[in-house]
Amino acid sequence: MSILIKNAYIVTMDKDGAGEIPNGFLLIENNLISKIGSIDSIGDISGDNSGDADSISADTVIDAGGAVLMPGLSNTHTHLGMTLLRGYADDMALQSWLETKIWPAEANLTAEDVYYGSLLGCLEMIRSGTTAFCDMYFFMDETAKAVDAAGIRGCLAYGMIEFGDLEKGNKEIAMNEKLVRDWQGKAGGRITTMYGPHAPNTCCQSFIKRVKEAAERDGVGVHIHVLETEAELNYMKENFDMCSVHHLDAVDFWNTSKVPILAAHSVWMSDGDIRLFAEKGVTVSHNPVSNMKLASGIAPIQKMLDAGVKVTLGTDGCASNNNLNMFEEMKTAALLQKVGTMDPTALPAKAVVEMATVNGGRVIDSMTGVLKAGNKADMILVDTSKANATPIFDVYSHLVYSAAASDVKTMIVDGKILMQDYNVLVMDEKEIMKKANECALSLAERAKAK
C-alpha cells in the first residue's frame with residue numbers, strides 16, 4: 001500500500017533535515033515515509049524531469065491543495081474514559097470536585113463505560129489532529145480495544161492507587177503487569193504500555209519503588225502525576241519534610257538510565273526540582289488548560305526548557321478540560337507562559353509545536369513526531385483555505401495562534417488513512433456518540449443513586 005501526498009506545505013519538524021518545504025510531496029510505502037521533498041526535486045527522485053508529482057506512482061494520491069502537512073500531535077497525558085464526564089462537574093474547588101463528584105462517579109464505572117468513553121475520545125482525537133496519546137485510567141483493556149479499533153497510537157498505563165495498603169498494592173501492580181503482558185506491542189505496534197502509579201500522595205514511597213522495578217524488568221516506562229497542586233506540595237512537606245520530587249529521588253525513582261519517566265503536571269516545581277529533572281532526563285507533560293480550570297497553578301515551563309528539561313503537552317481528562325483539543329493546548333501553553341513570566345518572548349510558537357510533535361513523539365514512539373524518510377507515517381493535513389488562515393506569514397505562529405482543531409482535514413496513522421477531507425473512515429461516528437451518551441447518562445444516574 002502506497003500513498004502520495006502532493007502540493008503540500010510540509011512542516012517536517014526535522015532540525016537536521018529539510019525543515020519546511022513550501023511546495024512539497026511525501027510518499028508513504030506500507031507504514032513508513034519513503035520519500036519527502038520539494039516538487040522541484042521530483043526529477044532527481046523519479047527520473048522524470050516534468051516536475052509533476054504524478055511521475056511517482058502510488059496506490060492513493062492526495063492533493064493537499066496547499067494545506068499544511070505536519071506530524072500528528074501527541075497528547076502525553078489524559079484519561080480517555082473520562083470523556084463520559086465531560087461537563088459533569090465544573091467550576092468547583094479541586095477537593096470538593098473529587099470527593100463529591102468524580103470519585104463517586106468513577107466508583108460506578110463499568111467496562112462498557114470505559115470502552116465507549118475511549119472510543120468517543122479516539123473519535124475526538126482523530127477529528128482534532130491527535131495521532132498518539134498517553135493514558136492512565138481504569139479498565140485499560142477496554143481502552144486498548146478502542147485504540148485497536150480506531151487506528152491511532154496509544155501508550156497505556158493502569159492508574160494505581162494504594163494509600164500504603166500492601167494487599168491493595170499487590171493487586172494494583174498485578175493489574176498493570178497484566179496490561180503490559182497482554183497489550184505491549186499489539187495492534188501492529190500501535191499500542192505500547194507503561195506503569196502508572198497515580199501520585200506520591202496516593203501511593204507510598206516503597207510501592208512506587210516496586211513499580212519502578214517492575215517497569216525496569218518489563219522494559220517499559222512509568223507515567224506518574226507529580227506536584228499537580230500546592231496541596232500535594234504542602235502534604236508532602238508536612239508528612240515527609242520534603243517535596244514529592246525529592247521524596248521519590250531518595251529511592252532513585254527518577255533515574256531514567258533503564259526506562260523513561262513521564263511526569264504529568266509538574267506545576268509546583270522548585271528550581272532544584274527542575275535541575276534534578278534535567279539531570280535525570282525526566283520528561284514532563286504540561287497540561288495548561290486543566291491546570292487553569294482547577295486553579296492548580298502555572299507550571300514554570302520556560303524555566304524547565306531553559307534548564308534542558310524535555311517538555312511535552314497533554315490535555316488531562318475531559319472532566320477537567322473539557323476536551324482533547326491539542327490546538328487549544330498549544331495556544332494556551334504559549335499564552336500562559338507569556339503572562340505568567342510577563343515576558344512576551346517566552347515560549348515562542350515553534351517551541352510549542354515541538355512540544356506537541358517532536359517531544360511527544362519521543363515519549364510514545366521514537367519513529368514518530370518528525371516527517372522524514374524512514375519514520376512511521378503518522379501525520380495530519382491542516383486546511384489553509386479558510387478565513388482564519390489568511391494570510392499566513394509564519395506557519396508556526398499560524399498553527400499555534402490561529403489554527404483550530406476543526407481545520408484538521410486528513411489524518412494518517414501507521415500508513416493508514418483514518419480521516420480524509422473531513423470524513424472519518426474508520427468509525428461509525430453517530431453510533432459511537434449515541435452509545436457514549438447513553439453510558440454517560442446511566443453513569444450519572446448510578447452515581448447520584450449512591
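The backbone N, Cα and C atoms fix where each Cβ goes, and this holds for glycine too.
Whatever TrEMBL says is automated annotation, not expert-curated.
According to DSSP, HIS77 (Zn(2+) binding site) sits within a strand segment. Taken from TrEMBL, the feature Zn(2+) binding site applies to HIS77, HIS79, HIS225, ASP316.
Residues or ranges marked as substrate binding site in TrEMBL: GLU106, HIS198, GLU228, ASP316. Annotation note: ASP316 (Zn(2+) binding site) sits in a coil segment as assigned by DSSP.
Over the domain 'Amidohydrolase-related' (68-418) the predicted model carries a mean pLDDT of 98. Annotation comment: TrEMBL describes 68-418 as domain 'Amidohydrolase-related'.
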Fewest Cβ neighbours within 10 Å, where candidates are the binding-site residues GLU106, GLU228, ASP316: GLU106
Secondary-structure category, per DSSP, in which GLU106 (substrate binding site) falls: helix
Number of other Cβ atoms within 10 Å of the Cβ of HIS79 (Zn(2+) binding site) across all protein chains: 25
Lowest local Cβ density among HIS77, HIS198, HIS225, which the record lists as binding-site residues, within 10 Å: HIS198
Max pairwise CA distance, angstrom, over record-listed substrate binders GLU106, HIS198, GLU228, ASP316: 20
DSSP-derived class (H/G/I helix, E/B strand, else coil) of GLU228 (substrate binding site): coil
Length of the line joining the Cα atoms of ASP316 (Zn(2+) binding site) and GLU106 (substrate binding site), in Å: 16
